[in-house]
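Some features that TrEMBL has for this protein:
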- 6-23: transmembrane segment (TRANSMEM)
- 30-48: transmembrane segment (TRANSMEM)
Amino acid sequence: MRFTRPAILAAASFAAIALFYLLREHWAHALGLLPYAILLLCPLMHFFHGSHGHNHPGGKP
């Protein structure tokens, strides 16, 4: 099944609007989860971006 550009744009717009209203109604809960989200994102960032620009020839750190 192939999605067309207008269908993707409509789905993305709907998701953005839904996220806006969800966060607006539950802002206190979302802010309470923020420290945990940051803690979960740190290992993911290290995992996915660990080797960018660190090619050291000769074994130098």
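Just so it is clear, glycine is given a Cβ too, placed from its N, Cα and C backbone atoms.
Through the fold, the transmembrane segment (6-23) approaches residues 30 of its own chain, all at least 6 residues removed from its boundaries and within a Cβ separation under 8 Å. Tertiary proximity for the transmembrane segment (30-48) is limited to same-chain residues at least six positions away from its ends with a CB under 8 Å from its CB atoms, namely 23.
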